[in-house]
Amino acid sequence: MTGDWLDIGWVDEIPVRGSRTVQVAGGDDIAVFRTAEGKVFALRDRCPHKHGRLSQGIVHGGAVACPLHNWRISLSTGEALGEDKGCTPTVPVKIDAGRVLICRASTLKAAA
Amino acid sequence: MEHRPLNPEADTREHLVVIGNGMAGCRAVEELIARDADRYRVTIFGAEPRVNYNRIMLSPVLAGEKSFDDIVINDADWYAANGIALVAGDPVTAIDRAAKTVTTRSGTTESYDRLLIATGSDPFIIPVPGKDLPGVIAFRDMDDVSAMLAAADAGGDAVVIGGGLLGLEAAHGLSLRGMKVTVIHLMPTLMERQLDEAAGWLLKNALEARGQTILTGADTAEIVGDGKVEGVKLKDGTLIPASLVVMAVGIRPSVALARDAGLAVGRGIQVDDHMVTSDPAVLAVGECVEHDGQVYGLVAPLWDMCRSLADGLVEQPSGYRGSVTSTKLKVSGIDVFSAGDFSGGDGCEDIVLRDASRGIYKRVIVKDDRIVGAVLYGDTADGSWYFDLLKKQDDVSDLRDLLIFGQAFAAGGGAADPKAAVAALSDDAEICGCNGVTKGQVVSCIAKGAHSLDAVRGTCKASASCGSCTGLVENLLALTLGDEVQAGPKTMCKCTSFGHDDVRREIVAQNMRSIPEVMQKLHWTTPDGCSSCRPALNYYLLCALPGDYVDDQQSRFVNERLHANIQKDGTYSVVPRMWGGLTNPTELRAIADVVEKYDAPMVKVTGGQRLDIFGIKKEDLPAVWADLNAAGMVSGHAYGKALRTVKTCVGSEWCRFGTQDSTGLGVKIERMSWGSWMPHKFKIAVSGCPRNCAEATIKDFGIVCVDSGYELHVGGNGGIHVRVTDLLCKVATEQEAMDYCAAFIQLYREEARYLERTAPWIERVGVEKIKARIVDDAAGREALRARFLYAQGFSQDDPWAQRAEGAEREHHAPMARFTPQEQLA
């Protein structure tokens, strides 16, 4: 996996309204989400609040609810929604012929 | 067909030649005449052999609602009266800009001083095999309509390719003329450029109900036939027979003439704000032009362009600034409207009103307190109002509460006060469309004592069906009662106006079978709910449809999805079931082995008499469970809104005070009730004597054994708010104790709200009601018990064993692993 984009697998491997993770050696996991509308997003798998695993949360609309304290995090911006304040780094995603590609440079940054 | 004024050569005025006798060309001339009727000598060339007619009205002609004469805009007399020469049926084929002449197909040449190109657009024909077969037509002009009418007279099957406005109009007309019509649309929803997904879905349903076949996501491979059309073949292999194929996939600006003449052409003929092309003597207007990068296919921008063009021609230039477009249409008799941007996005908020019974859907998209888009289906009366607000970029924050109800409502009796607006309604104004309840009826029902939303719903039924008029009813309550309104039960969450009990009742009453169905029928205001309502709906459906409902894993909290308890460091804890708190060397050895093998940092004895293994990684869970399964242990459900544990003391077998076999009974009860999903966690205990070592009187269901039998206690809680149980009753036999326990659990499962423990539930409904159902009503108790045991037949399936065998592996394994070459910063 070299180049600008990392090929992490098929879109269909991510459950709709669910997520999977990408393990990054020496760093945090990247959580990859798929919404009901079929959009795919990637974020560092840590809530800005108490570092809950966002990949384990409930995905609704364009957000995920952190499993620890129910903070809602925007999948597109990584920002906490509502009254909460905080932001999780996002990783650009592109879909090519059914494959999910995530930006390599952003992955390194988000996982660090 | 020609209308020529006498003696044109004697006319010394500048000669304006118009190419195109359609809506734009003629409108431009009309605007010019309105400003200065005598300034130009005008000649219009038209490709079609007829006078200027309203192309938009071709659909009603096809549908048989109008004749051609009805849709003529300017008849022959208009040309004559205004001294306009019309050359119809002889299209212009070339422009010579150097000589300032145009030449027609028949070879006629005409010179001009100013030339106006209004060639409109051409239908786009998709380049598939068979596109040129006889019987394949577009839907653009009167000749196409005549061809369709001839085909319809012969009857048979028609295929319309394209589910946009034009295609649906063609389909509607052909259907009314007796043809069996199939619409093939490439995109997932109809009219996706004008309507959002929800409105497109409603439209598809409505058209299907009228007998048309609508295939969305369907890609045409070829049109088949020998010498004439016989059918359409899709890329998935489906063959649809057809004697007529209408291509209505879109239009393209008609720019060939302009391009051949060397004018600047992008997507359309490029014009400035005064509709002047790259040649100052040549103007262009309508669908064939590109202004500021935009090409328009609607009539309203065209009128704007014609005004600017005419202003320029009489040397009072105003300048066209582009148009914000809206679409207000009747598609096959159904009103639809859309304007602006309805794709959503960051910062956009949706205000949605759905009225299922009347087939109405309204959605207004607001960003920074301004309307940026609107989609209306079924009732478009307020389209122009929303469009006006959108164009003016008015701040709508004051109107927000009323916005979706429309202008009459928002303006009626007090601009920003919803109460005043409701007060201004007459007594016979309909409040609830589903149940046909008027304002007068709601008010009289409130006057008769219905002092809460629930009471109103229960008596006159207003807002009890789809819930979209809930706000109106609440305002009527406030108006009628002032401060005496009783707050109803809270709504489930912000996604709905219904409370838990209402949702549950409707799930059962309407036999709803899936979460999306509940959300559609009960008018959820969000597309797929939230982390509060989804787990609740999943539970309610699971409880209502045992063995039938397919559990939605994505609507479960992580612990229930992974069958283990998430800890703050992201690892999990694992609690195997130990029936009644009993264990043995095999189980203990297996647990010890797991702790060592997976390097678990801690093992803890729980309050429920189990062993909790901490620090297990998500990907190791299936292997841990496989090892525990091998020793005969199953999931302890320590993670679930479910039966947790049955705690026991040693009882009569060993204890000198024991009165009954409390451990034996505890094991039996746990075997009966394990695996059942509940509104919240549920704990049971069995104590062998009134010393109550198993702490049964702070459990959800507690049994205290006495010499003469078994005391049954309910509704205890040892949590934040310690609550001692209420005594339900006393029974004589073990079997009775188990039967009452099963019945109580089922009553709780069916009637408590999601995330409501037994303690608050019993305080809410009162223990007397519980006693009436469980103790006094023997038949009811037996029915409850039977329903519980029936449901248990489906739920007592060890989830660990399924996962250990590889089920739902995606919950545990990462999708990919990435080892960067470089050091992470």
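Positions of Cβ are set from backbone N, Cα and C atoms, glycine also.
TrEMBL does not curate its annotations; it predicts them automatically.
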Which range, B:332-357, B:566-591, B:800-825, does TrEMBL list as region 'Disordered'?
B:800-825
Who are the chain neighbours of the region 'Disordered' (B:800-825) in space, where the CB to CB distance is under 8 Å and they lie at least 6 residues beyond its ends?
553, 561-563, 618-619, 621-623, 625-626, 628-629, 634-635
Can you name every residue in this chain, apart from B:C649, B:C655, B:C689, B:C693, with its Cβ inside 8 Å of the center of the Cβ atoms of the recorded [4Fe-4S] cluster site?
B:V650, B:G651, B:F657, B:G658, B:S662, B:S687, B:G688, B:R691, B:N692, B:A694
Assess whether the domain 'Nitrite/Sulfite reductase ferredoxin-like' (B:567-631) lies in contact with the domain 'Nitrite/sulphite reductase 4Fe-4S' (B:640-774), where contact requires at least three Cβ pairs under 8 Å among residues 6 or more apart in sequence.
yes
Ranked by the number of other Cβ atoms within 10 Å of their own Cβ, which of the binding-site residues B:C649, B:C655, B:C689 ranks first?
B:C649
Within 10 Å of the Cβ of B:C693 ([4Fe-4S] cluster binding site), how many other Cβ atoms can be counted across all chains shown?
18
Whether the domain 'BFD-like [2Fe-2S]-binding' (B:492-541) meets the domain 'Nitrite/sulphite reductase 4Fe-4S' (B:640-774): three or more C-beta pairs under 8 angstroms:
yes
B:C655 ([4Fe-4S] cluster binding site) - helix vs strand vs coil (DSSP):
coil
In the domain 'BFD-like [2Fe-2S]-binding' (B:492-541), how many residues does DSSP call helix, how many strand, and how many coil?
26 helix, 1 strand, 23 coil
